[in-house]
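Worksheet for the structure shown next.
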(Lines of atoms letter the chains of each structure in order from A and count residues from 1; the text may use other names and numbers.)
(Lines give C-alpha, C1' and ligand atoms only; values in the text may rest on other atoms or scores of the structure.)
Protein backbone atom coordinates (compact mmCIF):
# COMPACT_ATOMS: atom_id res chain seq x y z
CA UNK A 1 0.00 0.00 0.00
CA UNK A 2 1.38 3.39 -0.97
CA UNK A 3 0.69 6.40 1.22
CA UNK A 4 0.84 10.00 0.09
CA UNK A 5 2.37 12.68 2.27
CA UNK A 6 0.73 16.02 1.65
CA UNK A 7 2.95 19.06 1.81
CA UNK A 8 1.89 21.32 4.71
CA UNK A 9 0.62 24.80 4.03
CA UNK A 10 2.99 27.71 4.45
CA UNK A 11 3.42 28.25 8.16
CA UNK A 12 2.68 24.64 9.14
CA UNK A 13 5.39 22.51 10.67
CA UNK A 14 8.70 23.30 12.34
CA UNK A 15 10.36 25.44 9.69
CA UNK A 16 7.81 28.24 9.28
CA UNK A 17 6.15 30.89 11.39
CA UNK A 18 2.45 30.75 10.64
CA UNK A 19 0.84 34.09 9.82
CA UNK A 20 -2.02 35.09 12.10
CA UNK A 21 -4.62 36.61 9.73
CA UNK A 22 -5.69 39.00 12.50
CA UNK A 23 -2.36 40.83 12.44
CA UNK A 24 -2.23 41.75 8.78
CA UNK A 25 -1.22 45.33 8.07
CA UNK A 26 -4.06 47.45 6.70
CA UNK A 27 -4.61 47.57 2.97
CA UNK A 28 -3.50 50.87 1.51
CA UNK A 29 -0.16 51.15 3.26
CA UNK A 30 2.93 50.50 1.17
CA UNK A 31 4.88 47.82 3.05
CA UNK A 32 8.52 47.23 2.12
CA UNK A 33 10.86 44.58 3.54
CA UNK A 34 14.57 45.34 3.19
CA UNK A 35 16.93 42.36 3.00
CA UNK A 36 20.57 41.80 2.12
CA UNK A 37 23.85 40.33 3.26
CA UNK A 38 24.83 41.12 6.84
CA UNK A 39 26.73 44.40 7.09
CA UNK A 40 25.79 45.55 3.60
CA UNK A 41 24.04 48.72 4.80
CA UNK A 42 20.39 47.72 5.16
CA UNK A 43 19.77 49.91 8.20
CA UNK A 44 21.42 52.90 6.54
CA UNK A 45 19.34 52.31 3.42
CA UNK A 46 16.12 51.75 5.38
CA UNK A 47 16.53 54.85 7.56
CA UNK A 48 17.45 57.15 4.69
CA UNK A 49 14.60 55.74 2.61
CA UNK A 50 12.20 56.34 5.51
CA UNK A 51 13.47 59.91 5.70
CA UNK A 52 12.97 60.31 1.95
CA UNK A 53 9.36 59.09 2.16
CA UNK A 54 8.75 61.57 4.97
CA UNK A 55 10.21 64.35 2.81
CA UNK A 56 7.55 63.44 0.25
CA UNK A 57 4.87 64.06 2.86
CA UNK A 58 4.20 60.43 3.80
CA UNK A 59 3.54 59.09 7.30
CA UNK A 60 6.25 56.50 7.79
CA UNK A 61 6.87 53.69 10.28
CA UNK A 62 10.19 51.84 10.37
CA UNK A 63 10.37 48.51 12.20
CA UNK A 64 13.81 47.16 13.03
CA UNK A 65 13.80 43.35 13.07
CA UNK A 66 17.28 42.67 14.43
CA UNK A 67 18.16 41.69 18.02
CA UNK A 68 20.96 44.30 17.82
CA UNK A 69 18.17 46.94 17.70
CA UNK A 70 20.33 49.40 15.77
CA UNK A 71 18.03 49.97 12.79
CA UNK A 72 16.56 53.34 13.74
CA UNK A 73 19.21 55.21 15.72
CA UNK A 74 20.05 57.57 12.85
CA UNK A 75 16.39 58.60 12.84
CA UNK A 76 15.94 58.91 16.63
CA UNK A 77 19.56 59.90 17.41
CA UNK A 78 19.59 57.30 20.20
CA UNK A 79 19.21 53.57 20.87
CA UNK A 80 15.57 52.97 21.76
CA UNK A 81 14.18 50.14 23.93
CA UNK A 82 12.92 47.07 22.08
CA UNK A 83 9.38 45.73 22.03
CA UNK A 84 10.52 42.43 23.51
CA UNK A 85 12.29 44.20 26.41
CA UNK A 86 9.25 46.37 27.13
CA UNK A 87 6.91 43.36 27.02
CA UNK A 88 9.15 41.45 29.43
CA UNK A 89 8.89 44.34 31.91
CA UNK A 90 5.09 43.92 32.05
CA UNK A 91 5.20 40.10 31.93
CA UNK A 92 3.86 40.24 28.36
CA UNK A 93 0.61 41.96 29.38
CA UNK A 94 0.51 44.22 26.34
CA UNK A 95 -2.68 45.92 27.53
CA UNK A 96 -0.58 47.69 30.18
CA UNK A 97 1.55 49.45 27.58
CA UNK A 98 1.13 52.88 26.05
CA UNK A 99 2.32 53.66 22.51
CA UNK A 100 5.01 55.95 23.91
CA UNK A 101 6.53 52.94 25.68
CA UNK A 102 7.65 51.25 22.47
CA UNK A 103 7.24 53.68 19.54
CA UNK A 104 9.48 56.71 19.16
CA UNK A 105 9.36 59.71 16.84
CA UNK A 106 12.43 60.31 14.73
CA UNK A 107 13.60 62.64 11.99
CA UNK A 108 10.80 64.54 10.21
CA UNK A 109 8.09 62.60 12.03
CA UNK A 110 9.20 59.08 11.07
CA UNK A 111 7.90 56.69 13.74
CA UNK A 112 10.38 54.06 14.89
CA UNK A 113 10.01 50.66 16.54
CA UNK A 114 12.71 48.13 17.37
CA UNK A 115 11.24 44.64 17.73
CA UNK A 116 14.41 43.22 19.26
CA UNK A 117 14.68 39.48 19.60
CA UNK A 118 15.09 36.55 21.95
CA UNK A 119 18.45 35.77 23.60
CA UNK A 120 20.99 34.13 21.31
CA UNK A 121 20.20 30.47 20.68
CA UNK A 122 16.64 30.69 21.99
CA UNK A 123 13.23 31.54 20.60
CA UNK A 124 12.31 32.81 17.17
CA UNK A 125 12.86 36.28 15.75
CA UNK A 126 9.91 35.86 13.41
CA UNK A 127 7.60 35.40 16.38
CA UNK A 128 8.89 38.66 17.85
CA UNK A 129 8.21 40.47 14.56
CA UNK A 130 4.66 39.10 14.55
CA UNK A 131 4.10 40.22 18.14
CA UNK A 132 5.37 43.68 17.24
CA UNK A 133 2.84 44.05 14.42
CA UNK A 134 0.11 42.69 16.70
CA UNK A 135 0.99 45.27 19.36
CA UNK A 136 0.91 48.09 16.83
CA UNK A 137 -2.53 46.96 15.64
CA UNK A 138 -3.89 46.67 19.18
CA UNK A 139 -3.04 50.33 19.71
CA UNK A 140 -4.40 51.35 16.26
CA UNK A 141 -0.99 52.68 15.25
CA UNK A 142 -1.05 51.38 11.69
CA UNK A 143 -4.33 52.89 10.58
CA UNK A 144 -2.96 56.24 9.38
CA UNK A 145 0.43 55.00 8.20
CA UNK A 146 1.30 55.46 4.51
CA UNK A 147 4.57 53.50 4.40
CA UNK A 148 5.91 50.70 6.61
CA UNK A 149 9.54 49.60 6.25
CA UNK A 150 10.81 46.36 7.81
CA UNK A 151 14.60 46.37 8.22
CA UNK A 152 15.45 42.69 8.52
CA UNK A 153 18.41 40.91 10.10
CA UNK A 154 21.22 39.93 7.74
CA UNK A 155 20.60 37.46 4.96
CA UNK A 156 18.76 34.94 7.15
CA UNK A 157 15.81 33.56 5.20
CA UNK A 158 14.56 30.89 7.62
CA UNK A 159 10.86 30.74 8.43
CA UNK A 160 11.35 33.15 11.32
CA UNK A 161 13.16 36.02 9.70
CA UNK A 162 11.18 35.57 6.51
CA UNK A 163 8.13 36.61 8.56
CA UNK A 164 8.20 40.26 7.35
CA UNK A 165 7.68 38.93 3.83
CA UNK A 166 4.22 37.82 4.97
CA UNK A 167 3.28 41.45 5.56
CA UNK A 168 5.15 43.15 2.72
CA UNK A 169 4.03 44.32 -0.71
CA UNK A 170 7.58 44.51 -2.00
CA UNK A 171 11.05 43.40 -1.04
CA UNK A 172 14.13 45.50 -1.75
CA UNK A 173 17.47 43.70 -1.72
CA UNK A 174 20.55 45.71 -0.78
CA UNK A 175 23.76 44.43 -2.34
CA UNK A 176 27.28 45.43 -3.26
CA UNK A 177 29.02 44.66 -6.53
CA UNK A 178 30.78 41.58 -5.14
CA UNK A 179 30.39 37.81 -5.12
CA UNK A 180 29.34 37.34 -1.48
CA UNK A 181 26.62 40.00 -1.57
CA UNK A 182 25.18 38.72 -4.83
CA UNK A 183 25.34 35.12 -3.61
CA UNK A 184 23.29 36.16 -0.55
CA UNK A 185 20.90 38.08 -2.81
CA UNK A 186 20.23 34.92 -4.79
CA UNK A 187 19.18 33.10 -1.61
CA UNK A 188 16.83 35.94 -0.75
CA UNK A 189 15.29 35.83 -4.23
CA UNK A 190 14.59 32.12 -3.62
CA UNK A 191 12.85 32.89 -0.33
CA UNK A 192 10.70 35.61 -1.88
CA UNK A 193 9.70 33.35 -4.75
CA UNK A 194 8.60 30.72 -2.23
CA UNK A 195 6.61 33.24 -0.17
CA UNK A 196 4.97 34.75 -3.26
CA UNK A 197 3.07 31.49 -3.77
CA UNK A 198 0.95 32.18 -0.70
CA UNK A 199 1.39 35.89 0.06
CA UNK A 200 1.18 39.21 -1.79
CA UNK A 201 4.92 40.00 -1.51
CA UNK A 202 6.80 40.57 -4.76
CA UNK A 203 10.31 41.61 -5.65
CA UNK A 204 10.59 45.37 -5.93
CA UNK A 205 14.18 45.49 -7.07
CA UNK A 206 17.82 45.87 -6.10
CA UNK A 207 19.63 48.67 -4.30
CA UNK A 208 23.31 48.79 -5.24
CA UNK A 209 25.18 50.08 -2.20
CA UNK A 210 28.78 51.10 -1.47
CA UNK A 211 29.80 50.23 -5.02
CA UNK A 212 31.53 52.38 -7.62
CA UNK A 213 30.46 50.03 -10.42
CA UNK A 214 27.53 47.66 -10.90
CA UNK A 215 28.82 45.34 -13.64
CA UNK A 216 28.46 42.14 -11.56
CA UNK A 217 25.02 43.18 -10.28
CA UNK A 218 24.00 43.91 -13.87
CA UNK A 219 25.07 40.41 -14.93
CA UNK A 220 22.98 38.87 -12.16
CA UNK A 221 19.97 41.08 -12.90
CA UNK A 222 20.04 40.16 -16.57
CA UNK A 223 20.04 36.44 -15.80
CA UNK A 224 17.42 36.52 -13.04
CA UNK A 225 15.00 39.21 -14.19
CA UNK A 226 15.85 41.71 -11.47
CA UNK A 227 16.25 45.47 -11.81
CA UNK A 228 18.43 48.02 -10.01
CA UNK A 229 16.20 50.68 -8.45
CA UNK A 230 18.96 52.85 -6.95
CA UNK A 231 22.76 53.07 -6.92
CA UNK A 232 24.67 54.51 -3.95
CA UNK A 233 28.39 54.80 -4.47
CA UNK A 234 30.92 54.58 -1.65
CA UNK A 235 30.39 58.16 -0.46
CA UNK A 236 32.16 59.03 2.79
CA UNK A 237 29.30 61.30 3.88
CA UNK A 238 27.09 58.22 4.28
CA UNK A 239 29.63 56.62 6.62
CA UNK A 240 29.98 59.87 8.57
CA UNK A 241 26.21 60.20 8.92
CA UNK A 242 26.16 56.91 10.83
CA UNK A 243 28.91 58.17 13.11
CA UNK A 244 26.97 61.41 13.64
CA UNK A 245 23.88 59.28 14.38
CA UNK A 246 21.76 61.07 11.80
CA UNK A 247 20.28 60.56 8.35
CA UNK A 248 21.89 61.75 5.14
CA UNK A 249 19.21 64.47 5.01
CA UNK A 250 20.69 66.08 8.14
CA UNK A 251 24.24 66.31 6.80
CA UNK A 252 25.85 69.47 5.44
CA UNK A 253 24.53 69.82 1.87
CA UNK A 254 27.72 69.25 -0.09
CA UNK A 255 27.56 68.15 -3.73
CA UNK A 256 28.02 64.48 -2.77
CA UNK A 257 25.37 64.66 -0.05
CA UNK A 258 22.81 66.31 -2.33
CA UNK A 259 23.43 63.63 -4.96
CA UNK A 260 22.74 60.88 -2.41
CA UNK A 261 19.66 62.69 -1.08
CA UNK A 262 18.25 62.98 -4.59
CA UNK A 263 18.87 59.28 -5.25
CA UNK A 264 16.93 58.35 -2.10
CA UNK A 265 14.09 60.71 -3.04
CA UNK A 266 14.01 59.18 -6.52
CA UNK A 267 13.88 55.66 -5.03
CA UNK A 268 11.02 56.66 -2.73
CA UNK A 269 9.05 58.21 -5.61
CA UNK A 270 9.57 55.11 -7.76
CA UNK A 271 8.40 52.81 -4.96
CA UNK A 272 5.25 54.91 -4.64
CA UNK A 273 4.47 55.37 -8.32
CA UNK A 274 6.52 53.32 -10.75
CA UNK A 275 7.52 50.04 -9.14
CA UNK A 276 6.80 46.97 -11.25
CA UNK A 277 6.61 43.59 -9.51
CA UNK A 278 9.49 41.43 -10.68
CA UNK A 279 9.44 37.68 -11.27
CA UNK A 280 12.90 36.80 -10.06
CA UNK A 281 14.32 33.44 -11.10
CA UNK A 282 17.13 32.45 -8.72
CA UNK A 283 20.19 30.66 -10.01
CA UNK A 284 21.78 27.49 -8.75
CA UNK A 285 24.93 28.02 -6.70
CA UNK A 286 27.17 26.69 -9.45
CA UNK A 287 25.52 29.00 -11.98
CA UNK A 288 26.37 32.06 -9.88
CA UNK A 289 29.93 30.84 -9.48
CA UNK A 290 30.29 30.54 -13.25
CA UNK A 291 28.44 33.79 -14.00
CA UNK A 292 30.31 36.26 -11.83
CA UNK A 293 33.89 37.39 -12.21
CA UNK A 294 36.15 38.34 -15.09
CA UNK A 295 37.12 36.52 -18.26
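Glycine is treated like the rest: Cβ placed from N, Cα and C.
Lifted from Swiss-Prot, the feature list:
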- 39, 40, 41, 42, 43, 44, 68, 209, 210: ATP binding site (BINDING)
- 43: Mg(2+) binding site (BINDING)
- 124, 158: [4Fe-4S] cluster binding site (BINDING)
Residue with minimal Cβ packing [other Cβ atoms within 10 Å] among the binding-site residues 39, 41:
39
Please identify which of 68, 210 has the densest Cβ environment, defined as other Cβ atoms within 10 Å, among these binding-site residues.
210
Relative to the Cβ position of residue 43 (ATP binding site), how many further Cβ atoms are located within 10 Å?
24
Taking the residues 39, 40, 41, 42, 43, 44, 68, 209, 210 listed for ATP, what is the greatest CA to CA distance in Å, to the nearest whole number?
22
In three-state DSSP terms, the structure that residue 68 (ATP binding site) belongs to:
coil
